[in-house]
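Have a look at the structure that comes next, please.
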Protein chains: 2
Amino acid sequence: MDIISLHNYTRDIIQQAASKIRASFQQTMQIETKADVNDLVTNIDKETEQFIIEKIRQFDSSHRIFGEEGMSAETFENLDGIVWIVDPIDGTMNFIRQQRNFTISIGIYENGIGKLGYIYDVVRDELYYAIEGQGAYVNDERLSPLENLPLDEAIIGINASWVVENKRINYKKTGQLVRKVRGTRSYGSATIEAMLVATGRLDAYMSMRLSPWDIAASAIIAKEVGACFTTLKGQPINLLTQDTFIIANKSIQQEILDDYIELYD
Amino acid sequence: MDIISLHNYTRDIIQQAASKIRASFQQTMQIETKADVNDLVTNIDKETEQFIIEKIRQFDSSHRIFGEEGMSAETFENLDGIVWIVDPIDGTMNFIRQQRNFTISIGIYENGIGKLGYIYDVVRDELYYAIEGQGAYVNDERLSPLENLPLDEAIIGINASWVVENKRINYKKTGQLVRKVRGTRSYGSATIEAMLVATGRLDAYMSMRLSPWDIAASAIIAKEVGACFTTLKGQPINLLTQDTFIIANKSIQQEILDDYIELYD
């Protein structure tokens, strides 16, 4: 594939989709008072995904499209060929309640290999992207490789839900992790938190349950800055299923997995 | 006091202080690699506070100044007269590690009554402010009164530290709160989280331990949008001491305090 043409085209798609989302803010405000908030947002999610799908089909109708809202009507049992993995709005609750802290996320894979990754924080106007082997950028600035640090100086992204008693993970061990590190944060968007790790603003982010479109772009960008991204069992991520996820500075990832994570099967 | 002159002057101080902080970003990057990160930030904190103090003294040398870095050398046993309560950088760890998600915060009190409150999110360029009885604003936009909502639809700001076992609070009850609400967030800056509540982007924010300069400005702004702000015992805040703190939509505050907060003395 012609990487540069694809790169330029994808950036254009994202900017056009973002304009549509920004235009919806006023509409959102008006409709929130008289209709169901979740329905409305579903409409904007769907409209945005439909727009992106049409643009991809115009570019090359042989490309496959795997999106959160399932508008492409394709079922996915493999990643053969060129596959776009699309989340039109990651951080839907933030979008509804905050009108900030959400992104448009697109990962482009070729036979399962990540080629191009894009995460656009619409309100901050920050486009994070990477081309395989060419480094990662935010807008026009190249991201630096991450520097090592000890776990007790780390700031980690973890939702409080994974620190209270739950069926998926030993909460006492995640609680020990919270006490061990310097600080914790939670922003409500897996892509924003992953990009905070990619830029060294957080040192790890984990979740018990993410879908392929939550992590497809992040994985491509993470690789270019030397961040680790695996399941919480330390296995490679599988983009055909929902699973656990951690992205982390490589100097602390194994210690987190070994000493603080105990999953219940 | 001449409220409008004071308001205009304070806005100018904040913009000038913000320029100094922005200019320090490059310096921060350079020095972080060769010196202790905490020392550096203390210097920027102190320089910013010293700048603000000098500006206040130029305006009226009879005004008292209560700042996080203690540069005014005054000890505080009462709030008599006109008192400026200043935090030059709220969210210090974010400032060091993220170069975002921190604020300049100033509250101006007259004989203990909040008159003018300012919280400036430097990187987002959002100035939240209120004049007693005149409403609250972000930049030039007036904030709306908060709308009621049920607790199970709320998004609350709470750090994971208060959900793991600790000496200050019954963590099992805060854990029940985490499970009850729709979502939780944690941003690492008490003033940013308070302003997310003031704008309806969060519905509550609480902390076990905040100082007067963390909450002095927020309290004035919160009052103008009808948000509750008290200690976690439901008592009025005391600006002479460190204490617990909650700012919340008034439709959910009492339920949180009654059913989910149990402090250990």
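Using N, Cα and C of the backbone, Cβ positions are placed for all residues, glycine too.
Note that the structure is a prediction, hence the values are computed from the model and not measured.
Feature table excerpt (TrEMBL):
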BINDING   B:E68, B:D87, B:I89, B:D214  Mg(2+) 1 binding site
BINDING   B:D90  Mg(2+) 2 binding site
Tell me which of the binding-site residues B:E68, B:D87, B:D90, B:D214 sits in the most Cβ-dense spot, judged by other Cβ atoms within 10 Å.
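Answer returned by the neighbour count: B:D87.
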Using DSSP and collapsing to three states, where does B:E68 (Mg(2+) 1 binding site) fall: helix, strand or coil?
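Note: B:E68 (Mg(2+) 1 binding site) is coil by DSSP, not helix or strand.
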How would DSSP class B:D214 (Mg(2+) 1 binding site) in three states?
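B:D214 (Mg(2+) 1 binding site) sits in a helix per DSSP.
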Have a look around B:I89 (Mg(2+) 1 binding site) and count the other CB atoms within 10 A of its CB, chains all included.
26
If one measures from the C-alpha of B:E68 (Mg(2+) 1 binding site) to the C-alpha of B:D90 (Mg(2+) 2 binding site), what distance in angstrom results, rounded to a whole number?
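B:D90 (Mg(2+) 2 binding site) has its Cα 9 Å from the Cα of B:E68 (Mg(2+) 1 binding site).
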Taking the Cα atoms as reference points, how far is B:D90 (Mg(2+) 2 binding site) from B:D214 (Mg(2+) 1 binding site) in Å?
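Here the two Cα atoms lie 7 Å apart.
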